[in-house]
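The structure is given below, and queries will be raised subsequently.
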Amino acid sequence: MPQQKRVRFKEDEQQVKNLHHLESGAVYGALLVVVGCGLLTSYLATRLPPALTVGDLERAPNAFIAERAWASLKTLNDLGPKPAGSQANEVLAYEFLLQEVQRINASKHDSQQLEVDSQTVTGAFSISLLNQSMTSVYRNVQNLVVRLAGSDVHQHALLLNCHFDTVASSPGASDDGASCAVMLEILRVLSRRPVRTRHTVTFLFNGAEETMLQAAHGFITQHPWAADVRAFLNLESSGSGGKEVLFQAGPHHPWLIEAYARAIRHPFAHTVGEEIFQLGLIPSDTDFRMFRDYGEVPGMDFAHIANGYRYHTRYDSMDFLSLDVLQRTGDNVLALTRDLAESDELAASDLPVGETVFFDFIGLAFVHYSASSGRLINLAVVVLSLIVPLMCFARARFDDVLREVIVGLVGTVFGTVFSIIACTTIARQLDFFGKSMTWYTNTHLILGLYCCPALLSHCFVYLFLTTFYTNSKSNLSLGQMTQARLVGVNVFWSVVTLAATVAGYRSGYIPMVLLVCSLASSTLNLLFNASRTHRAWMYIHLAGQLPALLWATNFYNVLIALFVPITGRFGGSRNPEVFISLLAAGGTLLCCSYLIPFIAQLRKMMNFTAKLSAITVLTLVLACLSPLGMPYRDESMATEPTPQRHYVTHTFRVFHDEFGLYKSTDAGFFFQEMDRNTRATIEEFVAPGESLTPMRQMDSCRAELFCALPFYSLWHQMRFNNYWLPGPEPLYDNMVTMAYLGTEQLDSHTQRLVFAMEGSIQSSIVVGPKEGVQLVGWSLLDHVPRPAKFGGREGHFVFITHGLPGKAWNVTLDLRYDQPKPTGELVDIVVTTKFWEYHHMHTPEFEQLLAKFPSWSHVVPSVALVSVFPL
């Protein structure tokens, strides 16, 4: 068809332009397609394979049977919370796992060799997170280690790891009982095969992961079988159910990703997950760190991330899991175990190294390539996505095309800027009026609260550009103008892709896939010469956008499902509204950037924007004035509970003078602010006349090391805005003591203080050298990590876990000073004893306080004794 020239008469020009106009139904159809893609990807994200039962053994004797794993999980679940050091963990859970392994050993095939070792281990290491370091000490924690011998005489081993301990107040069905049940079933399946795997498979059931990854450190640094391990699979959870995601791999071992690609039938893996985790945006850590840092072993980290609301709460139970979850995880991990246990790589001494880009396409396909190839791919796609669509304008005036490309680029950039401004403004206002986290349970509210304003911002920017910057003298038809503006969108994503690539982020593949979809449609338009048609080019473009929409909406769904529950443990100092609003603005841009330029072709543009505005207003009303905006739910209010988290510690503090003599005591309740609404919840039941004091405003924060408060999780409690409410003394029947035994003068400027530690309970020590004094050595480690900083003081934080009870042990501190110090001017020491799951210590007053919390709260109570003394 010949190129349409400008016409002489205005009426004729209007008629020509009308050929390219779109009815208002087109935009609603486009939104329906976006929503439909979102629903489809949401369905695919939750689709799980049907579970196999014992009845399926006849037809699938070597398959993973979810029903048997479910029976093991039920026993672990029914034991209730199993924190390290408790009888439930050290005796009941450990003995159950040992008995299960013994049963598997009794039923194994005659050709298999199975060895069992019970490891009780003591050790220490330093660990750093969020720019703060601490020392982790563990004593008599337990590991159950099982080795299924391979046929290779060299005994190179693959390690599978789970942990059977839990946090207090949580049965830990998903974190991490389900993983241990999966490992038991994999051990059962492999042990009944008539032929051994080529390489040994070692199963580590570790008993102290929730206490700073301690049992894994004990295994990888002290167990004799650890030297044989060449790779590992770590099974974890930061949610409750759903698909397991591969979110860390290697590092720098691409052969592991190749094995994943070969073996996994149901892929769910993204490089961006690894980069998000390594940036510290997820407030958790896994045993992957221990195996990587202390064993220098490569591996893969898997975790369930769905329903993060239930993570570390009473709702992490079998009531909210299904056999299908175990079947999917078991199928994948069993297949990967078989592949690695037979692989050449596990025995190779010289393997290629390097980073890998890997991702799945909505669970249907898995793609992986080296990071160096990724840089070339990104560059090639960027160049082609700019050149190919411009070739469609070979007969058009370059100035006209360039003008519209710039309009498309400027519209996308300014639309993004104004969408961020609009969303964050709404976020701050909602937070100001006390309506934070209304979307916490009903995440669909995010669409109206933030996605609609973000889309509106893009629309208004394009309307402004269309009204004031349209070139009436252009030879381009309205449809061609839209195509040129889409090239401007390509330029935007090309810049984003190149910026991510240059900065070293492998997640540049996310916008690159959008460019590939746009490039595919541009190529088809060029081949079929469709760019100058009235409608054909548009249908080709929209067909190319379908996979892009599936890609983009899948990312939106995954990120919302991941980060919304995390805001419930963000702490109160950061505004979660702003974070979620930015996520929504980014998701809107990702999903709609290639549809927004069509705004200029709508006949009734203002009608569409008015309806979007009405949706936003209606959503604001529902969020702020209706029960839909209530952030939290319990099991009586919803099938999927979304509790608010609370940590409450009944605390007794004893202050001593420089001679170790009693000086004073006080007591109260220490509240940890887990989310933005915590203080409002607590203030509802603070009686008149009682004083709820922010931690940093307490008198002890000005006078004592680290406020003399019962810090347990150093990083969270230092960052959060915690609160103190005076109260009566708690009950207690024992405590950890740090008895001063004496001083040894090492030289004229160095003293060694000797202490005896007694008590096999969870505890912590903060050592704070005073001005002019430095801690230069101690018996805990062969080095002294850099101190943590809080409240203007530096202190060396020591976290101590006891598994099985043990004997007293000595601790020495070597302190160096420039000038001799009088008694009491050398060092401050704070010793905290923390009692988890010691319900007999709860006083009536404590129980009354706990009963005041709403039913939708998940409260983790504890009792703490804090001893403070200077030396």
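Each residue, glycine too, has its Cβ placed from N, Cα and C.
Copied straight from TrEMBL:
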TRANSMEM  25-45  transmembrane segment
DOMAIN    143-336  domain 'Peptidase M28'
TRANSMEM  376-394  transmembrane segment
DOMAIN    402-624  domain 'Endoplasmic reticulum metallopeptidase 1/1-A TM'
TRANSMEM  406-427  transmembrane segment
TRANSMEM  447-465  transmembrane segment
TRANSMEM  486-503  transmembrane segment
TRANSMEM  509-528  transmembrane segment
TRANSMEM  548-566  transmembrane segment
TRANSMEM  578-600  transmembrane segment
TRANSMEM  612-632  transmembrane segment
DOMAIN    641-869  domain 'Endoplasmic reticulum metallopeptidase 1-like C-terminal'
Sequence-remote contacts (6 or more beyond its ends) of the transmembrane segment (406-427), Cβ cut-off under 8 Å?
449-450, 453-458, 460-462, 465, 469, 484-489, 491-492, 575, 577-578, 580-582, 584-585, 588-589, 593, 596-597, 620
Check the transmembrane segment (376-394) against the transmembrane segment (578-600) for contact, please; criterion is three or more CB pairs under 8 Å, pairs 6 or more apart in sequence.
no
Determine whether the transmembrane segment (548-566) and the transmembrane segment (486-503) share at least three Cβ pairs under 8 Å, counting only pairs 6 or more apart in sequence.
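Contact between the transmembrane segment (486-503) and the transmembrane segment (548-566): absent, because fewer than 3 Cβ pairs are under 8 Å.
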Mean pLDDT for the domain 'Endoplasmic reticulum metallopeptidase 1-like C-terminal' (641-869), as a whole number?
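Value for the domain 'Endoplasmic reticulum metallopeptidase 1-like C-terminal' (641-869), mean pLDDT as a whole number: 93.
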Counting Cβ pairs under 8 Å to the transmembrane segment (509-528), which of 25-45, 447-465, 578-600, 612-632 comes out on top?
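Looking at each of 25-45, 447-465, 578-600, 612-632 in turn, the most contacts to the transmembrane segment (509-528) are made by 578-600.
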Between the stretches 25-45, 447-465, 612-632, which one has more Cβ pairs under 8 Å with the transmembrane segment (578-600) than any other?
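Against the transmembrane segment (578-600), the leading stretch is 447-465.
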